[in-house]
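Marked as region 'Disordered' by TrEMBL: B:347-367. The feature transmembrane segment is assigned by TrEMBL to B:12-31, B:37-55, B:60-80, B:115-136, B:143-162, B:192-208, B:242-259, B:265-284, B:291-308, B:314-338.
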């Protein structure tokens, strides 16, 4: 397992500094929550790590430098992400969604043939995310929470070692949140997980460590208790809740 | 597994029926004249099969398939012109215009069928590869891609018209005597050309079906619906689109190559903006995302064009436009979706997704 090491990361959009010299270390197997008010730079940080936003500084995952590589190369190095709005391939079935996620390394001949059987990684992911009974259903027909689980399942079959989840429980019911949290625990057994989240209850229940971002900078870092006790955090953020 | 078996059984039956209609019924039921018209329509249908793949499945609205159709058509026509003229001679139209003393260098290789025949397919594919590599890597898509491909069709037609001495200009290349030694005026040989066209169309359909049902076909739909997401799964969407675009170009090139012996002419008016758009209209009317829809749509629109423009020459353009608007507005899935719509009306809707399998998940974790 590898950890994520971010050094002096800066992202600038047309003169606006969205991420301003962030240093971040996520240990292998950690479940790290990134919290902070709107505009703190959480999503932009994830965009920079996954190659979507141009950045300066350094992002290392294991021994590999990620900055400066195209999105699909970073994905192949074992870094996967989800988006605030669940993006699954709506017209394809659950099974097809997962099968595509499993296949970035496939050769030309395999691609040009039909899928004859369900790959082992796909069937185990179907079990883990609890969608085995719905595998032939178009992804567009799934409930909101199920789509989020499907996205996480796609990351599992993609065999990523670092999961970056952008508000995975937004819009979920209480039961669905708990199920998602349990899923994150299972997943982090052999993977590193970073979660952007606004839901404080969810964070208290499932975060291992927390980083608070504010105005593009790291405001505080530590366990949930440490962060909650930090006066600076209380002032800008947690004091509200 | 069970559905897969049933589907392939149905597909086999479909191909058998298609082959029976094209090879047994049509030659008996249609006059020589109508049969050669059908051969022309089937050539247009080959272009449509490729557009169905690139646009219907891949979301690439290509308004310039005339370019690839033309490349294939001109490659074949140049070979046939040179074969008619005999070794070392210039084609008749060049002698007529009298601007040239010798055959232009780029005409020469087409005298050799071993070059000309593969070139009808490979040349369009090469052009599509070069263009697609540039365009898809720069993430040009949607309307911008459509306009770009259309501009290319316009440019090619203008170029051909301007080079009258070497390309035949507006007249194009026509007045062919033979096709690989067979006299094209002989109805028996025209019939042979029809059979070749019908056979090639079935082959292209089989190829397209394989592509659509393969893992690549699923990936292509994924790229169409969410290109960014595919990139985050570790694929380069530019390559995925490129395969569909180049395949469609090859099909259009082959269609153009067969169009020339079947119809006896290729000229700029057959490959410019208007025919390029008409290809797309046929596909839209038939149903762009299905396998057979583009074929039926292309044949139906071409047939309607011939029939109606005999009666009302001026009205056809408006009718065609109206047809396109109506299909896009009221039947986005095209004619191919009518059967499905009717079936859905008759049957009650399927159950909604069972809500929340969350308990399963927690059970598994605690177990």
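Even glycines carry a Cβ here, placed using N, Cα and C.
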Highest-contact recorded stretch vs the transmembrane segment (B:265-284), from B:37-55, B:60-80, B:242-259, CB pairs under 8 Å: B:60-80
Residues of the parent chain within Cβ reach of the transmembrane segment (B:242-259), under 8 Å, 6 or more residues beyond its termini: 39-40, 43-47, 49-51, 53-54, 57-58, 60, 62, 65, 68-76, 117, 120-125, 127-129, 132-133, 136, 193, 196-197, 200, 204, 208, 211, 216, 220, 266, 270-271
Interface present between the transmembrane segment (B:12-31) and the transmembrane segment (B:143-162) (three or more C-beta pairs under 8 A): no
Per Cβ pairs under 8 Å, the stretch of B:37-55, B:192-208, B:291-308, B:314-338 packing most closely against the transmembrane segment (B:12-31): B:192-208
Tertiary contacts of the transmembrane segment (B:314-338) (same chain, 6+ residues out, Cβ under 8 Å): 278, 281, 283-290, 292-293, 296-297, 300-301, 304-305, 308
Contact ranking winner - B:37-55, B:60-80, B:115-136 against the transmembrane segment (B:192-208), Cβ under 8 Å: B:37-55
Proximity verdict for the transmembrane segment (B:291-308) and the transmembrane segment (B:60-80), three or more C-beta pairs under 8 Å: no
Positions on the same chain near the transmembrane segment (B:115-136), where near means CB under 8 A and six or more residues out: 67-69, 71-73, 75-76, 78-79, 109, 145, 148, 152, 237-238, 241-242, 245-246, 248-250, 252-254, 256-257
